[in-house]
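Participant: Input: one structure, supplied below.
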Amino acid sequence: PAVEEAGDASVSPGAGGGVNERRRHAHSAPSAHPGMAAAQGPVAPSSPEQNGAVPSEATKKDQNLKRGNWGNQIEFVLTSVGYAVGLGNVWRFPYLCYRNGGGAFMFPYFIMLIFCGIPLFFMELSFGQFASQGCLGVWRISPMFKGVGYGMMVVSTYIGIYYNVVICIAFYYFFSSMTPVLPWTYCNNPWNTPDCMSVLDNPNITNGSQPPALPGNVSQALNQTLKRTSPSEEYWRLYVLKLSDDIGNFGEVRLPLLGCLGVSWVVVFLCLIRGVKSSGKVVYFTATFPYVVLTILFIRGVTLEGAFTGIMYYLTPQWDKILEAKVWGDAASQIFYSLGCAWGGLITMASYNKFHNNCYRDSVIISITNCATSVYAGFVIFSILGFMANHLGVDVSRVADHGPGLAFVAYPEALTLLPIAPLWSLLFFFMLILLGLGTQFCLLETLVTAIVDEVGNEWILQKKTYVTLGVAVAGFLLGIPLTSQAGIYWLLLMDNYAASFSLVIISCIMCVSIMYIYGHQNYFQDIQMMLGFPPPLFFQICWRFVSPAIIFPLHPDKAQIPMVGSNGSSRLQDSRI
């Protein structure tokens with residue numbers, strides 16, 4: 001088509017010499033579209049077998065010598081798992097599940113995984129792997145759509161700024177847990193208010209009973225019960241954040257949070273100091289140890305009294321809710337956002353694969369692992385919340401929460417009820433730190449790779465460490481306002497708007513541009529040349545029709561931005577992190 005020819009003509013001459021050479025050796029694959037060839041850097045030629053396997057003697061040549069590759073395929077899989085499995089798997093999915101019909105929610109959730117999640121995941125991995133370019137360089141196939149790459153960079157920048165602030169708060173709680181008694185256990189601290197009531201300070205409020213009332217003053221006792229705030233909530237609002245009364249009132253920068261933010265960025269930079277060569281080694285720990293912690297917390301949780309009630313609250317199906325459109329919308333949104341599609345990270349990570357790597361297999365493994373982790377985390381969360389509800393004598397819905405409310409208020413309060421509470425708190429927040437770092441590594445690498453690939457000369461390739469340092473320093477400086485007394489307001493505002501409807505637009509345009517502008521036949525031939533077999537018919541249909549039809553109607557709920565109550569006190573609303 002004329003549009004394709006125009007796109008190809010815009011590519012600088014000689015940019016695709018490596019792939020053109022490989023195409024002359026790929027006897028089993030038809031000639032692929034030259035536009036995609038132009039996006040590929042120099043790669044040593046090799047030919048896959050018909051079944052997609054690469055002969056062992058050819059694997060040494062199946063590398064991008066200029067940009068480098070993963071040390072082995074396990075590093076790529078672990079990095080992608082760490083990228084996809086983030087904080088949302090722990091503190092958003094379990095809440096969505098119980099709110100949308102418990103076990104019944106699993107049905108639309110896995111339907112959306114099959115028809116939307118895995119196909120889009122495979123598309124991005126194959127796109128980046130074939131081109132061996134970041135989220136900007138891949139659009140040499142059709143320069144008119146390069147704005148999609150810039151959109152991915154903007155999204156990754158926004159998320160990278162505030163995501164590390166969440167990690168820094170987890171660092172703060174981790175350090176605060178290194179005490180014999182957790183600081184949010186009792187109400188005898190200088191920051192506590194008269195409304196604070198701890199279940200350990202006041203055993204009379206457990207088992208559903210009210211605080212003792214003065215004779216003849218029942219209404220006062222009732223008001224006291226209704227106004228009760230937990231020590232964990234006051235620790236979060238009045239000590240950690242020192243929350244201001246309005247989003248425009250920044251107040252002072254919280255120096256402890258600023259210090260933890262610096263620690264977060266230093267850790268991220270050191271892990272990426274040599275690009276994928278260093279981060280590929282770090283993920284052996286950061287991507288696997290959270291599962292060790294989840295298992296420890298799961299074993300501890302299910303042995304507690306009331307855990308079974310919490311788990312049943314999480315899983316009990318309410319089949320009538322399957323007929324509600326909102327349930328299907330939540331399932332599609334959770335799949336779409338939790339896998340990290342349209343952020344640019346998947347394209348970036350896949351660009352460091354060897355050319356003939358079986359990214360089809362990887363996409364299925366990583367997507368299923370991500371969703372299985374979400375389900376598993378639900379058992380961990382609701383077993384502890386069920387124990388807490390049983391201890392307080394209230395319904396599980398009274399203690400269930402999500403987002404920062406779960407991570408920094410509800411779950412920490414539940415941990416105070418356990419023997420050796422500081423140990424469980426250290427494990428929980430260390431798990432949150434590792435989950436956050438796994439995603440943050442890829443966000444930073446996405447930006448660095450896009451910049452280096454765009455400039456593309458030898459000098460910047462040699463100075464990539466300095467580019468990484470510059471991006472990390474810029475991220476730290478831009479994150480400073482989020483450590484102020486109004487910082488959490490801005491964090492939630494960015495979370496609700498930065499990675500929401502923009503991702504739907506980016507993903508839809510990507511599907512249309514690849515399938516209808518570049519051409520679906522060209523793309524299928526490229527995949528056949530790369531893998532040794534064309535994409536299965538199911539994926540061809542999903543890419544062209546089903547997946548865009550599913551994601552286009554998605555529009556996340558209106559942002560639940562911070563508001564100020566009528567009494568002047570601030571109320572933090574729901575987060576979608």
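Backbone N, Cα and C define each Cβ position, glycine as well.
Annotations for this protein, taken from TrEMBL, read as follows:
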REGION    1-64  region 'Disordered'
TRANSMEM  76-94  transmembrane segment
BINDING   GLY82, ALA84, VAL85, ASN89, SER338, ASN370, LEU435  Na(+) binding site
TRANSMEM  106-127  transmembrane segment
TRANSMEM  148-175  transmembrane segment
DISULFID  CYS187-CYS196  disulfide bond
TRANSMEM  255-276  transmembrane segment
TRANSMEM  288-315  transmembrane segment
TRANSMEM  335-352  transmembrane segment
TRANSMEM  364-389  transmembrane segment
TRANSMEM  423-444  transmembrane segment
TRANSMEM  465-491  transmembrane segment
TRANSMEM  497-519  transmembrane segment
Participant: Going along the chain, which residues six or more apart from CYS196 (disulfide bond) have their CB under 8 A from its CB?
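Facilitator: Result: CYS187, ARG228, THR229, SER230, PRO231, GLU234.
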Participant: Go through ALA84, VAL85, CYS187, LEU435, the listed recorded positions, and name the one with the sparsest Cβ surroundings, counting other Cβ atoms within 10 Å.
Facilitator: CYS187
Participant: Looking at the transmembrane segment (255-276) and the transmembrane segment (106-127), are there 3+ C-beta pairs under 8 A, with each pair at least 6 apart in sequence?
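Facilitator: Answer no: the transmembrane segment (255-276) and the transmembrane segment (106-127) share fewer than 3 Cβ pairs below 8 Å.
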Participant: Enumerate the residues of the same chain, GLY82, ALA84, VAL85, ASN89, SER338, ASN370, LEU435 excluded, that satisfy the criterion Cβ within 8 A of the mean position of the Cβ atoms of the recorded Na(+) site; list them in sequence order.
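Facilitator: Other same-chain residues with Cβ inside the cutoff are VAL81, TYR83, GLY86, GLY88, GLY340, THR373, SER374, GLY438, THR439.
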Participant: Using a Cβ-Cβ cut-off of under 8 Å, list the residues of the same chain that are 6+ residues beyond the ends of the transmembrane segment (423-444) and lie near it.
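Facilitator: That would be 79, 81-83, 85-87, 89-90, 156, 159-160, 163-164, 166-167, 170-171, 173-174, 177-178, 182, 264, 267-269, 271-272, 279, 282-283, 285-287, 289-290, 293-294, 296-297, 300, 340, 343, 345, 348-349, 407, 411-412, 415, 468, 471-472, 475.
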Participant: Cβ pairs under 8 Å only, please: of the recorded stretches 76-94, 148-175, 335-352, 465-491, which one is richest in them relative to the transmembrane segment (106-127)?
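Facilitator: Looking only at 76-94, 148-175, 335-352, 465-491, the most contacts with the transmembrane segment (106-127) come from 335-352.
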Participant: Given the transmembrane segment (465-491), which of the listed stretches 76-94, 148-175, 288-315, 364-389, 497-519 has the most Cβ pairs that are under 8 Å apart from it?
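Facilitator: Most Cβ pairs under 8 Å with the transmembrane segment (465-491) come from 148-175.
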Participant: For the transmembrane segment (335-352), find every same-chain residue at least 6 residues outside the stretch whose CB is under 8 Å from a CB in it, and list them.
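Facilitator: For the transmembrane segment (335-352), the nonlocal Cβ contacts are 64, 67-70, 76, 79-80, 83-84, 86, 88-89, 92-93, 109, 112-113, 116-117, 120-121, 124-129, 131-135, 137-138, 149, 152-153, 155-156, 159, 276, 359, 367, 370-371, 374, 439, 442-443, 445-446, 449-450, 499, 503-504, 506-507, 510, 551, 554, 576.
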Participant: Taking the transmembrane segment (364-389) as the first stretch and the transmembrane segment (148-175) as the second, find out whether 3 or more Cβ pairs fall under 8 Å, excluding pairs closer than 6 in sequence.
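Facilitator: They do not touch: fewer than three Cβ pairs between the two stretches lie under 8 Å.
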Participant: Take the transmembrane segment (76-94) and find every residue of the same chain, 6 or more past its ends, with a Cβ under 8 Å from one of its Cβ atoms.
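Facilitator: Hits for the transmembrane segment (76-94): 70, 166, 276, 279-280, 283-284, 286-288, 290, 314, 334, 337-340, 345-346, 349-350, 352-353, 357, 362, 365-367, 369-370, 373-375, 377-378, 380-382, 402-404, 406-407, 431-432, 435-439, 441-442, 576-577.
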Participant: In sequence order, which residues at least six apart in the same chain have a CB under 8 Å from the CB of SER338 (Na(+) binding site)?
Facilitator: ALA84, GLY86, GLY88, ASN89, ARG92, PHE93, ASN370, CYS371, SER374
